[in-house]
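K.L.:
The structure is given below, and queries will be raised subsequently.
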Amino acid sequence: MNPYVLTILLSSLGLGTVLTFASSHWLLAWMGLEINTLAIIPLMARQYHPRAVEATTKYFLTQATAAAMILFASTTNAWLVGEWDIQQLTHPIAVTTAMLALALKVGLAPVHFWLPEVLQGLDLTTGLILSTWQKLAPFALMLQVAPTVNSSLIVTLGLLSTLVGGWGGLNQTQLRKILAYSSIAHLGWMVLIMQFAPSITLLSLIMYIIMTSSAFMTLKTNNSLTINALAISWTKAPTLAALAILVLLSLGGLPPLSGFMPKWLILQELTKQGLPMSATLAAMTALLSLYFYLRLCYAMTLTIWPNTLAATTPWRLDFTHTTLPLSLVTMLALSLLPLTPAMAALLNL
């Protein structure tokens, strides 16, 4: 892609998100979301592959539907209540419609069906943008709308997403689909606590972005798209493979790693709010996700790619691209757990 065009598209991506962040009026927020969607579509379709075009079309139709629902919800609220302000979305019909539209935008269950299919059709770099940056603007709106939404709806969306995210990834062999279901499960954890402790939701979102970035960059460095392709990653880069296992376990939320921090705080807050059953169900669904992360770890370390040659493996080549961003996010994805008390103090928990 022409570097000037790429610069314009990435600038528009940033502009759309910042516009939504800065807006207090529904129409301005809607415009930001639309700029965001229109900026990423050429990036998605740049491969000129039928699957990429199909993924782009699915993404466009889904996002257009969600944007229309947001416009409908905000107009309904303005008609019935007389307010265009985002935080004054008070009518039950408008609030529920807006929340479901934003759930469709980010890919929460039960309106998640587009996300694995779209992510499967993209290359890993665009998939990383879709899984991280594209979640920011809708989440900013969800955090503002959440206080007026029925808490049963939010908890149901959260629990259903953690369940679907764990269950859906069990039988997948494509790494991009596995990461899509991982994304759905993590979004479910964030939504679960959104109404009770927005600061924990924000912390979870930051941790999710760090861990997902590390996972996508690792796969891109290894050039792996399927579970079978992971079997040669140990031969390609043993150190990276060892760190990748820890990143996957961090995504699963195992205690010594950074990924345990948000889950710990969320379960603690749910128990404080008198929702022990929801906390138990969420913890149980985390085991489903942990299973497919362990499956990836097994494929990466305990299986050997069939090789009949006695010579040095031909794929052990020097990396030509920079690994500084990868090393930075991997370090953060593994070592932030000791900072939990500081984070809790910072967020006034």
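Cβ coordinates come from backbone N, Cα and C, glycine included.
Just so it is clear, the model here is predicted, and its values are computed rather than measured.
Got these off TrEMBL a minute ago, pasting:
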type	residues	note
DOMAIN	23-288	domain 'NADH:quinone oxidoreductase/Mrp antiporter transmembrane'
TRANSMEM	60-81	transmembrane segment
TRANSMEM	93-115	transmembrane segment
TRANSMEM	152-170	transmembrane segment
TRANSMEM	191-211	transmembrane segment
TRANSMEM	231-254	transmembrane segment
TRANSMEM	275-294	transmembrane segment
DOMAIN	290-343	domain 'NADH dehydrogenase subunit 2 C-terminal'
TRANSMEM	324-347	transmembrane segment
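Are these features on the surface or tucked inside, and what touches them?
P.N.:
Beyond the transmembrane segment (93-115), the same-chain residues lying 6 or more positions past its ends with a Cβ under 8 Å from any Cβ of the stretch are 33, 58-59, 62-63, 65-67, 69-70, 72-74, 76-77, 80-81, 135, 138-139, 141-142, 145-146, 148-150, 153-154, 157, 160-161, 163-165, 180, 183-184, 187-188, 191.
Residues 103, 108, 132, 135-136, 139, 142-143, 146-147, 149, 151, 154-155, 157-159, 161-162, 183, 247, 250-251, 258-259, 261-262, 265-266, 269-270, 273, 278, 282, 329, 332-333, 336, 343, 347-349 of the same chain lie 6+ residues outside the transmembrane segment (191-211) yet bring a C-beta within less than 8 angstroms of a C-beta in it.
If one looks beyond the transmembrane segment (324-347) by at least 6 residues along the same chain, the residues whose Cβ comes under 8 Å of a Cβ in the stretch are 199-200, 202-203, 207, 210-211, 213-214, 217-218, 221, 243, 246-247, 250, 255-261, 264-265.
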